[in-house]
Amino acid sequence: MTVRVRIAPSPTGPIHVGNVHTALFNWLFARHHGGKFILRFEDTDLERSRPEWEQVIFEDLKWLGIDWDEGPDIGGPYGPYRQTERLDLYRKYAQQLLESGHVYKCYCTKEEEDADRREAQAAGRPYQYKGRCRDLTPEQQAAFEAEGRKPVLRFRVPRGEVIRFNDLVRGPIEVPTDSIGDFIIMRANGMPLYNFAVVVDDVTMNITHVLRGEGHIPNTPVQILIYQALGFPVPEFGHLGHMTNPERGKLSKRKGEAAIRDYREQGYLPEAMLNFMSLLGWTPPGAESGREFLTKEELIREFDLSRVTKASSVFDRNKLNWMNGVYIRKKSLEEFAELALPFVVSAGLCTEEQARARWDWFKEVMAQVHERVETLAEIPQHVDIFLKDEIEMDEKAARKFLTEAVKPFFQRVSEGLRSVEWSVPAIEQLVRSIQEEMGLTPKESFQPIRVAITGRTASPGLFETIYLIGRERVLERMAPYC
């Protein structure tokens, strides 16, 4: 048997971190077993589904390194891969269930069902459809049709039975059918509801394993009933734990925590995200001794559902930042500079052409922050002093360090910088010799220069900073205090 798994996002917005986590585990499972990973779109929300969101989902999954074997963009033997292009299939199987007696036409009005819900709520019991249309005679159906009522199709849930399945993550689960009301599979307008459409999709795409979030556990017995009614084998199910923030709440869209695109734009590396997310709910071999860093190849080779926990996992941004910083530091300086460039350009510090025209210098600038940043988005705030003509001055620091007392020292340093060989050792020798001659401490001499040329009290090494800012800019920035 060839393992076939799928991920089925809705193209109504950027793909959520939780959906990406589910996609990752499905992808790892498929690749580990030499199987197929299928991407399809649940796009029946016609008002909100957009082609541009499909492109965003494609891009974000590819950015992470998650590829698919069949999908809307590349096709495959079991397409189409959008639900809106599969409506004839749903109608075909709905008709089959209608003819076999597993579903029936329901003419109940919204008002009738709302009244039933209020009654159930008042009685303190969960709502279940009462079965008002479960056994209508042909004459009763004809009368409703004559009134102009358009029927939905409801599944006839058998009574007094137990649905059993062995969850690949949680073990045996049993659900009595008496706890499941007769459910709608097709709306009056001919559009399928989720549980019916997903079964038809999985059946016709030969899906063998369904790995998804624990929120789908209540859907599983409903879907098993549909599989059985259609006469198809039931796939194996595994339900993954929820993902929460450290406060055990949902990841926040407002804080830029919910969409994978947010992390991409904030300067996280795809390999760091992939590694970090693989550890949410899965324990790799060797974790007991602190093993946390795994390559994509190691993840594929070692992924096993037996090491997946049913407990919810905590998306700890601090740990992600730390892990991303480690991955950044593993990059060569050339690689780091290439990764940094788009963030520097988007911050308006320079154009790509300007950076590439002085690429060796640009790399030297990036070397000053290579060991300091945890995300690529942090880079501009550290390197703006090298790239901007004007700097923002910390007024408190200026009042403290740029006093009348520094003028003689600044005058001598500026004079020396005009003619000194422009190298870090020569600059350092010049400044230190003047400092020593004038009997100044490093704090009395170095910190004023740093504040004057960077506008702040913290920067990379002072002499490297002077060298990289450049002779002309350094002299311009020191001039007001000479």
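The backbone N, Cα and C atoms fix where each Cβ goes, glycine too.
Just so it is clear, the model here is predicted, and its values are computed rather than measured.
Summarising the annotation, Swiss-Prot assigns Zn(2+) binding site to Cys106, Cys108, Cys133, Asp135. On its own chain, Cys108 (Zn(2+) binding site) has Tyr129, Arg132, Cys133 as residues at least 6 apart in sequence with a Cβ closer than 8 Å to its own Cβ. Look at Cys108 (Zn(2+) binding site): DSSP puts it in coil.
Under the heading ATP binding site, Swiss-Prot lists Lys253, citing sequence analysis as support.
Taking Cβ pairs closer than 8 Å, the motif ''HIGH' region' (9-19) reaches residues 41-43, 45, 48-51, 53-54, 56-57, 60-61, 213, 242-243, 251, 257-263, 277, 315 in its own chain, all 6 or more past its ends. The motif ''HIGH' region' annotation in Swiss-Prot covers 9-19 and rests on sequence analysis.
Annotated motif ''KMSKS' region' per Swiss-Prot: 250-254, in sequence order.
Within 10 Å of the Cβ of Cys106 (Zn(2+) binding site) there are 21 other Cβ atoms, across all protein chains.
The Zn(2+) site, placed at the center of the C-beta atoms of Cys106, Cys108, Cys133, Asp135, has further neighbours from the same chain whose C-beta lies within 8 angstroms: Tyr104, Lys105, Tyr107, Gly131, Arg132, Arg134, Leu136, Arg154.
Of the binding-site residues Cys133, Asp135, Cys133 has the largest number of other Cβ atoms within 10 Å of its own Cβ. Confidence over the motif ''KMSKS' region' (250-254), given as mean pLDDT on the 0 to 100 scale, stands at 72.
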